[in-house]
Structure formats: structure tokens, C-alpha cells
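Undergrad: Here you go, one structure.
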């Protein structure tokens, strides 16, 4: 190749490499179900539900509460509580290092957020699990925040709603995490004695100690479409029983068909339908529907 051609082409190639237009990170998202490539701002308008196949994608706990609660009058409960590595637990990593990494990734102190507020002007206390924080696992702080949220509901004489998304008990806290199953179940028994409603909303996924305790103790148990719900995962069960499981086993539709849950409600309808349900359970006037907030209000 002649020198003049090299001199001409090389600078041109280098300029094109350095001058490539930069696309903001996270602008496009691939649906994990149908693999459609979706424009992130448009996806936010549908509350992270794929407009092509209606797959309900996982959303973080704060977005979940932003979608559900009225904008005014929210108050976070027990936000000051932080997990402590009392057992000095270590597997492939130190527990305190796992906590630090999860806190940095999510911006949360632990895997449950609780708030008091209103939904369509109906007073409520709401909790949401943060699955990105160590798989939404339930340790001492998750259990304590849930109990404090229930106590606020008892004090205010209002219902409790919990959006679960969890892999179960947090193994790094050993028996301390298992205690939370009894602890959360006990406070829900108090709510039942006081005649205060508890609605459990199961989102993808709900497993282990959470599904074996608070998640399945709702006066009404609701799930999002196609959420995975169970105690052990399908693969573990298949390996144990050495049989092929039925189609759709552990999906919310399968559980509804077999009477394990009461309702399946699409995400876009959760706010209005739960508000009406809460009002009916307390014999309050039917709430007036307002426009559904988006994930990024």
C-alpha cells in the first residue's frame, strides 16, 4: 500500500473510533422472556412490564412503593436499622463484605423497606423486599423492620401490605435468620386478633423461609402474573423426587388453579384494585381512582 494511502486512511479510522457517538448506558433493555429490545423510557411508562409479551420484570423496592403509595404523606419506618455481622460468618466471602457490596449496589441498608402512607387516600402501611440485596434474604433487620411496620399498622389501626421478592432466610445469620419466621408470623397473628387486614403480594420470585412464613399468611394472597413461588426451586425438587414436574409448576397461575393463592393482578392494576380491596375489607367508601404513577414519577 502506498504511503499516501496509509497516511490518508489511518488518521480517518482513528478519528472515527474516537468520535463514535456515545449511547447512554441502560437506554435499551432486552426482555428476558421474549427477548424484544425495549427503549428504557418507554418501558418505565409500562411499569417495567414488556409491552410485547407482558412479562413482569423485577423492580426495586423503592420503585415498588413509589408505584403503590400516594406521593404525599409517606413516612419510612425503621430506616435507621442496619445489619450487624454478629456471628463473624464467612463462606467464600466475609458476611460483612457481602453486606457492603449489597449496600453499595442497591443504595439500601438491607433487603426490606417499610413505609406508612396512603393508597388512593386509604391509610396503609406497606413493605417491599429488595431482591437485589442478597436475593431479598430475610435476616434480623428485615424481620425487625417488618415487625415494626406491623406495629405501626396496629397503632394506626390500618392494614398492612407486603410485596415479597425473596430467596428465603439469610444463611449468613444462621438461627438468627430462622427466628424471623416465627417473629413475623407472631406479629401477623396479633394483627389478625385485632381484625386488621394483611394483604400479601407475591412477586417474582418468593422462596424459602419467606414463602414459609409471612408471604403465605395474608388474609388475601395476591400474585403478579407468572411469578415463581415455592419453598425449594423446581430443579431441586426434580432432583429429589426424580420426576418431571408439571408444566408451569410454581408459577402463580398454577398456584391460583390449585387454590394456594387468591388473585393474580397485573402490575398496572395493583394500586387501584388493592385500594378497593382494602376499603372493602374495612367497610370504607370506595376510593376514587387516580392516574397510575409511573416507575419514575
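Just so it is clear, glycine is given a Cβ too, placed from its N, Cα and C backbone atoms.
Sequence annotations record features per position, and here Swiss-Prot assigns domain 'CoA carboxyltransferase N-terminal' to 27-296 based on sequence analysis. Annotation source Swiss-Prot lists zinc finger at 31-53, citing sequence analysis. What Swiss-Prot records for 31, 34, 50, 53 is Zn(2+) binding site, and it gives sequence analysis as the kind of evidence.
Tell me about the setting of these features in this model.
TA: Taking H, G and I as helix, E and B as strand and the rest as coil, DSSP gives the zinc finger (31-53) the counts 6 helix, 4 strand, 13 coil.
Around the Cβ of residue 50 (Zn(2+) binding site), the same chain contributes 31, 33, 34, 36, 38, 43, 57, each under 8 angstroms and 6 or more positions distant in sequence.
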Undergrad: Radius 10 Å, atoms counted are CB only; among the binding-site residues 31, 53, which position scores highest?
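TA: Sorting the candidates by Cβ neighbours within 10 Å, the top entry is 31.
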Undergrad: For the Zn(2+) site given as 31, 34, 50, 53, which other residues of the same chain have their Cβ within 8 Å of the site's Cβ centre?
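TA: Going along the sequence, the neighbours appear as 32, 33, 35, 36, 38, 51, 52, 54, 55.
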Undergrad: Give the mean pLDDT for the zinc finger (31-53) on the 0 to 100 scale.
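TA: 95, rounded to a whole number.
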Undergrad: Please give me the CB contact count at 10 A for residue 34 (Zn(2+) binding site), counting all chains in the structure.
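TA: Neighbour count, Cβ to Cβ under the 10 Å cut-off: 12.
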